[in-house]
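To start, the structure itself, in structure tokens.
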Amino acid sequence: MATFKNPFSKVKEKKLLFKCSFILLTLIIALNDKILISSQPAELTPSIDLEHFERSGDLCYDKHNGNEPQRCVPDFINAAFNKYVEVTNTCGERRPIKYCVQSKVIGSMRQTCEDCDARVPYLSHPASFLTDFNSPDNETWWQSDTMNEGMQYPNSINLTLKLGKTFDVTYVRLKFVSPRPESFAIYKKTHPDDEWIPWQYYSASCRSTYKLPEKAPILPGHENVAQCTKEYSDISPLTGGNIAFSTLEGRPSSHNFEENEQLQEWVTASEIMISLNRMNTFGDEVFHDTRVLQSYYYAISDFAIGGRCKCNGHASECVRSTGGGYNSLVCRCEHNTMGPDCNECAPFYNDRKWRPATSTDANECVRCECNSLSNRCYYDEELFEKTGRGGHCIDCAGNTRGPHCEECIPDHWRRPNEHFCVPCNCNEIGSVSTQCNSEGKCECKPGVGGDHCDICLPGFYDFSIHGCKDCGCDVSGTIGNTPLCQTTTGECLCKMNVEGRQCDKCKPGYFDLSVHNEFGCTPCFCYGHSSVCHTAEGFFAHNVTSNFDSDKESWSGVSIRGPATATWAEVDKAIAISNDPQGTPYYFMAPEEFLGDQRASYNQYLTFTLRTQQNYAHVGVNDIIIVGHDGKEVYLPITAQKNPVPTNVDQEYTFKIHASPEYQWNPRMNDLDFIGLLNNITAIKIRGTYTPSDVGFLSKFSLGSVTMTPSDVDSIPAGWVETCECPKEYVGQFCESCAEGYKREIKFGESFTRCVKCDCNGHSDSCDAESGECICEHNTDGATCERCARGWYGNALQGTENDCKKCDCPDNGPCILHTDNEIICTECPIGYSGRKCDFCGDGYYGNPSEGIECKECNCNGNIDANSIGNCDTTSGECKKCIYNTRGYNCEECESGFWGNPLSEIKGDCKACNCFAQGTIRPSVDYDVLECNQENGQCSCQPHVEGLQCDKCEEGYFNITSGNGCEACDCDLTGSLGIGCDIGTGQCKCKPGVTGRRCDQCAMYHYGFSEDGCKLCECNPVGSENMQCDKENGQCQCKDNVEGRQCNICAENRYNLQGGCPQCDECYTLIQRRVNDYRDKFSKLNETLNEIIDNPIEINDEEFDKKVKEILKAVKKTHDDVMTNLGDDSIIIQQISTLRNNLNSADDMLKEVGSIVNKIRETNYIGEEYLTKWMKIKNEAEAELDAARKYLETEGATQWELAEEAAKKYGDQSQVLSDLAQEARTLANKQESTSNDIKKLAEQARNISETALMESKDAIFGSSETSKQIAKLQEKLEKAKNLLNQTNIIAAEQQKEASKANRQAAEILNSVLEIKPPNVNAEAYKEEAKRISEAATTTIDNVKNEIENNKDILEEIKNLEAEARKELDRAYRQQKQNDDLFNDINSAKERALKAVEVADNTLSEAQQTLKLLQDFQATVDGHKDEAMEELDKIKDIEEKVSEVQEKASIITVAIGDALYDAEEAQKQAAVAESEAKEIAEKAEHIRESTSETMKKAAAILEEVNTLREAIAESEGTLNNFKDGAESDSDKADKAVTMAALASNEAEIANRTLSKATEKVKMILEQLNSLDNVDNDELNDLERKLDEAESVFNASQLDTKLQTLKDRKKEQDRTLISLKSELENLRSERENLDEIQKSLPKKCFNIVSLEQEGQK
């Protein structure tokens, strides 16, 4: 059989064809999608995930253009991805089949065949492989039976894909694993119920197979027809062939797609069917070879539909919907549309016809306009054509009708701004018709009114079918000046002060019926004396004004702080006032023309114009104030009576002055009271400022009033001025005055006061009307003539002319008639007394009976004016001098007093108060010490000074001797001055000086000088005793010890502590040589001195050279010795001494050189001394040579010995050095410990020193104990040594005890801070029970924590038990040693302090727990920073461990410190006991011991109470700790979740970025391709596959949803934690308040010493 050559058989050609097909498909996709959605270019690589229905980013409303609606489309996707495809045939379903892969041309051997078995997954090729993820690395495909099973024309295979919703399809793509078919067709259904519509035919035999011409032209208007093409119908390539069908390719109107409904329908599909009709073969099937037939079959690896969810431009995404009982895909419609494809308008959005959105018009559905009267409408095309709006409303509510519910039904009308129509309700009796007008008013009959014609008009009554009758009301008296009346009776409705059927007369007490008066009539004022009045003639309306045209017209300012300045603003024609920064209100004050009697202003207006500099005025209640004459005032806010708030713009204000409440004047008062206030206005205040630093401007002020002078012919009469009809008691226009014979009931009462008849007791008929005083006759007097006139006596009340008779008294004075009918003068002249003024009075002297007048006694004011008999009434001598005065006229000070007795300010005579021992006593009157009367100076003893002779002169003392003061005689060298103690004569000594005169050094001091004495500071180890020589300070050294302080061993001796034993023999050799050198250098020194004393000029260079060589050798020797001696300090010191001597010799030689130079200048002596100098030179050279030889010989020998010794003792010295270093370290530690616990040691020392001082007092106070002084001092030394040992022992422990004390105090304070308040015990138990039940699920963890807490609490209990043990021990010690001294008391106090230490330790532990809780609360408050807080939690755990370790250390330290302190106290007590045997003064202290024990017991009880309180707090602490741990777990979980979310988000972001970058790179390379290259295509395909793999593997949708869920969970957790944090903060604040309320310490502590002193 002949074979033919396939032109596409080469692999490279196949690949090239595949790549070209891919490029073509890409271009077709881009082109079609651009045609479909020109405003939204489609992605070249659509989403392969059909479930990807997120928003495309194509917003339906333009947020940059006021949210205008715009066309929007869903994402471009692969609509077929993972969709189920119905196929009519699949290989291996009925039975396993064998198929062979086409790989070579006809005639060649084929590859091995394979099996297809649907029952075996890895051998199956089901239809699901058509739409699964297509990966070149693991390609899957659907496959049909082979031609061997009959799969060839006319047998076809159909692949049917149901999209589940309509889509706008851009392309359909098939990728074949087998050769592409020779003939196949693509069909579609627009909707599921439609018939199949051919979409495209592919065939190499279009006419024979499909009866269609190949590539028949598509004409405009008939573009919805399928073409048949032979493209893609060749057998090549054998595998990997692509077929891409573009729905708009070749359609002439595709460029105008939006306007072409035919094309829009053409691209719409809900189901797609691929009909595979005929296979491509090589023609070898005719031989029916099985292997050949098995090589022909259909195999497709990818079935893709590129398109968008069809939403007609009204949605940007599609979503899953379960409506109708099944899950379906629908558009999420916008633009007021609805339907699966947004293919219709939403209910009530039918005002225009539904249309799909275009690039130029979103065609948003418009809401029907039914005026809110209907929610149903339909589209009315006819209405749209007429009006441009097609929404026709139905079911109109509110009595309406019309397309837009815009009309009312008959007999109804619509109120303004309302939608509903209401019935007209026209009254059939009063209306002409039942239909009302557009205002709802009916047409009424005569006299009838009302919107419904159901009432009579104002001024009419008697409603009937004929209308209403006229009432005939007087408009001046009816309300509102309208003729209102009762519609039934015709009685008019009168104003407040008007009455009558027709309201035509004033009520009693009122007058002036006026149409301008809203109350009708004005009340009769008449000062309350009459209620009958009428209008006065001759008054005209007038306004009192201030226009400020030229000045401020006497206006002023005022504030609560006093007067203020008001200025004239010329430009504004106003007055201005400003306030302070505090905002104090400032007022304008009206001048006099607006004050006084302004009764005519009642019911008139007060107007003005006001503006402020600032806005936002703060209005008060008393911005406008009218003040009456008695201080009464009325006021109101500036905004009252509908006036505006002041601003920076001129505004007019008008206020009516009337008592009616509607005008808001306060306080409320009636008409007469208000008019009474206006009767005499004293001030009118207008507030000008309303904000701080404000300025107010007032202009055009006016007050309504009246005048009797008309301003012009048009002046209006003022009918509101009254003329009263007065009773007989009153006269005047307003009854303001009393009539003749009448007076005010109250003197000088106002016009309001009632008038009564005059009462003159028959002595007059007239009186003053205002004061009421009678004009008296008949020698009478008084307001009512009720008494006789002055100088007359009698009974004026009898009412006769002779009621009064004349008195017989000096100067016509008044008198009275006594019961014995004798006259007694009642007003004697000053100084006189007696019935008829015939004697001198008390304090006066004279004799009126003998013609001697009475004069006042002169006692210079030194008497008691209230006393009787101060002086003799005849002679005038003073008898009762006071103020320490004496004399005839009390003109002198008493003895023992001094001062000025005649001073105007009395009491100037002051006691001398002379100090008896310092004053010279007089020879007489020994008990009285007098002083100088003028200056008060007492007469002082020798060397006594002061006004009272009460102090010694400087440098004297002992004023109590009675013989003057003795000289201090202080030693000027040892004292700080010449002064001394005035009692003992003790001088003030310099440091280290003692003696009364400060003339000797104190014990253990020396060097008496002007600087005082210095401490001996004798070394206790090297000294015989601590006392040194008083002159030079040399201590008395032990054998082989030297130094001023006896602190160093003698030469060739070492180890001061060991008694300075002699150094080794090698050092003895050196000592001898050193002594030799000293002798030789002494001789050399003598020689040099002689040279200095007898200088001559020399110039010996050789001598100088030798000297330098020797010095150099000596220095070298010194350095070598120092190097080889190591650490032997004694030898080093000795060699150093030698070196110093040599240096001194060198200095001397230098000085010699200087002298030699001087010698050269004095050359005249040279020759004379030359011989002598040579001799000296030779001797010096000999000495130096000897020294050099010694160093060369003996020095070398000794050097060897030294080296040997160094080797011998070097190791030992190193050991000793190490021991010394260790000892130094321990000493430093002890020294540090000693410094920290110094206070405890000082307490013991103070006790001993106190006892010592008392012992000294006891010893030196008695001559019998002088022999015991030595023994006492010896004991004192022992006590001091013992005290030093005590200090050393106690010091080492005090540091730890102090540290423990401090830490314990902090812990106790923390415990007190968190101590819960006292609560009800039962409630507390219930709360504990609830917590216990809630903790059952975590009981194991709780038990562990309880065990941990028990360890801490056990340690605290041990500390407390130890403290209590120490307290009991101190108690027993006190009881056993009742005879002890102050030291016992101190020991007891220390025991109490030990208890306090234990309590403080507990407090510190609790404080630490509190800090942990506070820290955990901080963690709760910052859960959003959980990572940082987790690190802090680790720190907390370390701190907990630290606290536990500290607690253990504290326990040990407390125990040791208490033990050592007790030992120290015992030792100090021994010293005190020895001192007490001498000091008998301390016996009374024993009596206080029992009381001390009681207090100690009370303190112990307080400790027990505190322990119980701590135990109560334990449960609460555990609860808090559990809560903290729970919150910590929550924080851990939140942090973990946050970290996971962050990591996943970061990974997803990186994955997406990577995939995006790859896709961009591929697109850029595609765009840049000019010539198609096979390798480049392969590379691009590989990269595209990689990008798809990365993108799919990232699972962004799943991860994003996971992140969102975790975010929500974290938000909920955060809200919960915030709530818990607020609760904890509240509890903490409560605990803080409790802690603050607790006292810091007990203030009722009484020391034992104080108790003993009582």
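Including glycine, each Cβ sits where the backbone N, Cα and C put it.
Only one of C989, C1001 is recorded by TrEMBL as the disulfide partner of C998: C989. The disulfide partner of C424, as annotated in TrEMBL and taken from the candidates C421, C436, is C436. Within the set C940, C952, TrEMBL assigns C940 as the partner of C949, by disulphide bond. For C453, the disulfide partner named by TrEMBL from the candidate list C444, C468 is C444. Candidates considered were C881, C893; TrEMBL assigns the disulfide partner of C890 as C881. As annotated in TrEMBL, C1037 shares a disulfide bond with C1046, one of the listed residues C1028, C1046. Per TrEMBL, the disulphide partner of C1035 among C1013, C1018 is C1018. C1046 (disulfide bond) counts 24 other C-beta atoms within 10 Å of its own C-beta, drawing on all protein chains shown. Across the domain 'Laminin IV type A' (550-723), the model assigns an average pLDDT of 93. Between C1016 (disulfide bond) and C1046 (disulfide bond), the C-alpha separation comes to 10 Å. Under DSSP, C444 (disulfide bond) is assigned to a strand (E or B) in the three-state scheme.
Taking Cα separation as the measure, C998 (disulfide bond) is nearest to C1018 of the disulfide-bonded residues C444, C453, C785, C1018, C1037. Using a 10 Å Cβ-Cβ cutoff, C785 (disulfide bond) registers 27 neighbours. Separation of the C-alpha atoms of C444 (disulfide bond) and C436 (disulfide bond): 10 Å, rounded to the nearest whole number. Checking Cα-Cα distances from C1046 (disulfide bond) against the disulfide-bonded residues (C453, C503, C890, C968, C1018, C1035) with a 10 Å cut-off leaves C1018, C1035, in sequence order.
When the domain 'Laminin EGF-like' (758-806) is classified with DSSP, helix, strand and coil residues number 3 helix, 12 strand, 34 coil. Cβ neighbour count for C436 (disulfide bond) (all protein chains, 10 Å cutoff from its Cβ): 23. Listed in sequence order, the disulfide-bonded residues near C970 (disulfide bond) (C-alpha within 10 Å of its C-alpha) are C980, C989, out of C453, C890, C980, C989, C1028, C1035.
Comparing the Cα of C949 (disulfide bond) with the Cα of every entry in C424, C881, C987, C1028, C1037, these being the disulfide-bonded residues, the smallest distance points to C987. Residues of the domain 'Laminin EGF-like' (968-1015) grouped by DSSP class, helix first, strand second and coil last, total 0 helix, 22 strand, 26 coil.
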